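Undergrad: The following block contains the structure, expressed as structure tokens.
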Amino acid sequence: MEMDYDLVMEDEFDALCLDVRRHHDSTSKTKYPAKLHARKVVRELGVDDGLIYLPGQPEISLEDSDQPRLFRQRRYFFYITGANFEDCTATYEVKHDKLTLWIPYVEPRQVLWFGSKPSAAECKRRYDVDEVRYTTQLSGFLRSFAAQPSPPVTYILHPKQAPDLGHGSQSQLCLDSSLLLPAMDRARVVKSDYEVAMVRRANNISSAAHRRVAERILRLTNEREIEAIIQAVCIASGSRSQAYPIIAGSGANGATLHYGSNNASLGGKQCVVIDAGCEWNCYASDITRTLPLSGAWTPKAAAIHAIVQRMQDECIAKVGPGAAWREIHLHAASVGMEGLLGLGILKGRREDVARAGTVAAFFPHGLGHHVGLDVHDVSGTLALSAAEGRGQQLDFGKRAMVTPSMLADMTRVSSSQDAVGGGQSKTQLLLPNMIVTVEPGIYFCREYLEGYFRSDPAHADFIDWDLLEEYYDVGGVRIEDCILVTEDGYENLTVAPKGDELLDVINKGKK
């Protein structure tokens, strides 16, 4: 069942009142398409026989403790089962198109302590698999498979995930750990319609959380209150897991790309960067908004926000089948450079600044990444974007550092390919049902700028250091949405308010 909610704050932040309403969820009666995914993997493997062996995540205790680690299912296992509980395994017999889910047997005394896991009958009803068996029978099945005359290849992700047959029988299996991972990555990069629905739902919940923060931001006093509201809204909607650690960085903290302390006072700050997205049924969302803490932008923050908003708007408009991500990233960098030149933060001849790649001092990360079972999801065989000649993939958004020299190399390669009519063979072209983030940002990190650029003759003269002092208090501005590539363009899956709507939501919260 899908859940809507009203989150009402009482006495500023003393209590939360949840009004929950249930209505029909169109995906609630639809099984996760495990067999569809398994067949996609086999097509990418290009084989007509063999066994795919994928263990799920076992229950693991914290170091030197009897308490379990927070459970997170292995994503490759989940992709071909949809099963989200501990100590399972999946096998797929390619020749017979047979997908088997192996589950742990739960003794009655275990139910007393920890509760039950789904039974074999329940799993058969719940999951799109051909058979459900207990893991106590798995080693016998594998020994029988290995005992065949010339047994087919068993495909595993990693050598450390080789199956344990017991009785020293492992050597009888013909194991391959080189082909399955890239095949599954190629299968995962283009989402099934069910997967799109999961990412959409995660975005809807996360967007509601961002909206609720905006409604309350004028009453909040500390970054941790932002984190608490986001978690409360997501949990109330049925999502207990965040896809990544919440970022709530105010003032100068917003210039740290992966700020995580979330405990600073909001007082006296111009902006707060909020980067937060929950998971729904193991599928991620990824959303960033930058909010003015007074309800109105300061002139400096307004100027930077306008540049970043233009970067995002124009880049989203370029998303569609056949688009090259590197070119979209370069467009974002160009818009950012023009904006900073217009403000005077960057100075000099436009051609010289572009050739040096100095704008990367302020926009130092990749434009975006795939989203799916992982927030920084797999890209398949080809990188979403790359700095050719440097072996640097830019598939992981703000986890992918883009230096000025890398940006300059990307620009040079792009220009040379345009001149000779070259293709994009080394990087990925967007395809329908890919989901990517578009997350440009401009940051004023004093330590980074002064530590690397002030003394570098290749860049120092292109930055007005006196004027820059006036912008350090802005911190950073980033705006991020999840974008679905469609047959004829794109769809923005993120419905969190931004632009003028965001300001309206913030200021209505005064009442």
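Note that Cβ sites are derived from N, Cα and C of the backbone, with glycine treated the same way.
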Undergrad: Can you tell which of D275, D464, D466 Swiss-Prot lists as binding Mn(2+) 2 with D286, E480?
TA: D275
Undergrad: Look at the Mn(2+) 1 binding annotation in Swiss-Prot, where D286, E480 are given, and name the residue from E327, E338, E439, E447 listed for that site too.
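TA: Swiss-Prot lists D286, E480 binding Mn(2+) 1, and from E327, E338, E439, E447 it also lists E439.
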Undergrad: Restricting to the same chain and to sequence separations of six or more, state which residues have a Cβ under 8 Å from that of D275 (Mn(2+) 2 binding site).
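TA: Set apart from D275 (Mn(2+) 2 binding site) by at least 6 residues yet with Cβ under 8 Å, we have I246, I247, D286, I287, T288, R478, E480.
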Undergrad: Mind telling me which of the binding-site residues D286, E439, E480 has the densest Cβ neighbourhood, counting other Cβ atoms within 10 Å?
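TA: Output for this query is D286.
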